[in-house]
Amino acid sequence: MLPINNNFSLPQNSFYNTISGTYADYFSAWDKWEKQALPGEERDEAVSRLKECLINNSDELRLDRLNLSSLPDNLPAQITLLNVSYNQLTNLPELPVTLKKLYSASNKLSELPVLPPALESLQVQHNELENLPALPDSLLTMNISYNEIVSLPSLPQALKNLRATRNFLTELPAFSEGNNPVVREYFFDRNQISHIPESILNLRNECSIHISDNPLSSHALPALQRLTSSPDYHGPRIYFSMSDGQQNTLHRPLADAVTAWFPENKQSDVSQIWHAFEHEEHANTFSAFLDRLSDTVSARNTSGFREQVAAWLEKLSASAELRQQSFAVAADATESCEDRVALTWNNLRKTLLVHQASEGLFDNDTGALLSLGREMFRLEILEDIARDKVRTLHFVDEIEVYLAFQTMLAEKLQLSTAVKEMRFYGVSGVTANDLRTAEAMVRSREENEFTDWFSLWGPWHAVLKRTEADRWAQAEEQKYEMLENEYPQRVADRLKASGLSGDADAEREAGAQVMRETEQQIYRQLTDEVLALRLPENGSQLHHS
């Protein structure tokens, strides 16, 4: 390898004169470009990297995060990877024909040059592109999300992954599959697409198309649902949402959104309190969430719903930690349909109860804590069931599936945190048989797994630390003694039995398993002891609802 001086002020000897002569045109153009730097640009660093790349004949050139407003016209001809992301570029020069990977995300590009014929990866998300040039047949992956693109050129047959979220696309491209074995995943979420072309059915059933948050026509959704529900359907899996993607991005002040849930005689005091939280993270989206929550079927039809929300908001105003958690949970809820808001409300109520349990609300009411734990366990199992159901559907809005199991089983499984109504159950794909099977599975797993689950539940541990400090300390001492005396040998025995001694990944996995088994044994014993003391009149309460 040729010796390199970082500032590339080449010594005057015959060896370096030869190099300098070979690259004279490049060096001269780059030096001139460097002298034209605008304030804040790191063109000196860019030129250093350019010269190093050229002299070393490197196939990668990385000029990202240098605040560059332009690039020199003559890039090294041999490069296969160019990274110029996170700059201030408004255009790109002619690209080397050898280029296979182009990274130019988070710039200000309004157009792209002709793309090299061997290009395999194009990453130009977060720019100002309005259209794309012809795409080379070699292209495998492309990310054009967060641009202003209205239509797409023909997609190469080789393209496996396309991300075109948050553009202005009004239609999907034509899909031609034939016998092509490529497994594709294409994302067109949050565009302006109203119709789905029949050519989408040409894709294989291993492919996935994401079209959530688009204004799909009233005819497109039921037609696709009928088609994809057919036993003969062998097309791609299509992810959609009941949202039209047109949510209002204007948020009224947080205090105004909060006070709307309270009686008029309380609004002045509430407004004064909540004004102090206007600038907390996610405050704007939380405001929008509250407004959308007021328009759900539960808010319109459920008696006492407004009072329930007001009481919850009072608790948030008194706890910065709970408020921070709740703002974060609600952050994305305004970007989807009404049922997404309802599901978020379920999650917010769970967050409140778990927070209260951890903070001591149930320290003197073990029976109530058990009931809460049982509900959290049931919801966890329902999420597993919903996740499995999603995998079986070809045309699916995941939010509707998750909410359907919670809403439709809320009464039978005594789910106090679940809304009792949802708007779009009909598109969830969840059948009456699914619900019967889910209820039976929850009860079976609860009978067999709840005791162990509860003994490891964080809020229960918080209660034990506060109210059974001596017993908790003894359990922790027992755990650390095991770690010191038994843990290494148990891990070694497990690795030996599986023939994986010396495998670092297997050792980590075996260690985690041994630790969990140990904690399960110790905390289960502690749990049984404490519950026997606190609930002597109902020793079976842990095992039955």
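Glycine residues also receive a Cβ, built from the backbone N, Cα and C atoms like all the rest.
So that you can see what the record holds, here are the features copied from Swiss-Prot:
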REGION    1-242  region 'Interaction with target proteins'
REPEAT    57-77  repeat 'LRR 1'
REPEAT    78-99  repeat 'LRR 2'
REPEAT    100-117  repeat 'LRR 3'
REPEAT    118-139  repeat 'LRR 4'
REPEAT    140-157  repeat 'LRR 5'
REPEAT    158-179  repeat 'LRR 6'
SITE      ARG166  site 'Sensor for substrate-binding'
REPEAT    182-203  repeat 'LRR 7'
SITE      PHE187  site 'Sensor for substrate-binding'
REPEAT    205-228  repeat 'LRR 8'
REGION    243-250  region 'Linker'
REGION    251-545  region 'E3 ubiquitin-protein ligase catalytic domain'
DOMAIN    253-545  domain 'NEL'
ACT_SITE  CYS337  active site, glycyl thioester intermediate
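Spatially close to PHE187 (site 'Sensor for substrate-binding') yet at least six residues away along the chain are SER145, LEU162, ARG163, ALA164, THR165, HIS210, judged by Cβ distances under 8 angstroms.
Around the Cβ of ARG166 (site 'Sensor for substrate-binding'), the same chain contributes SER145, TYR146, ASN147, ASP189, ARG190, ASN191, each under 8 angstroms and 6 or more positions distant in sequence. Across all of the domain 'NEL' (253-545), the predicted model scores a mean pLDDT of 82. Counted with DSSP, the repeat 'LRR 3' (100-117) comes out as 0 helix, 3 strand, 15 coil.
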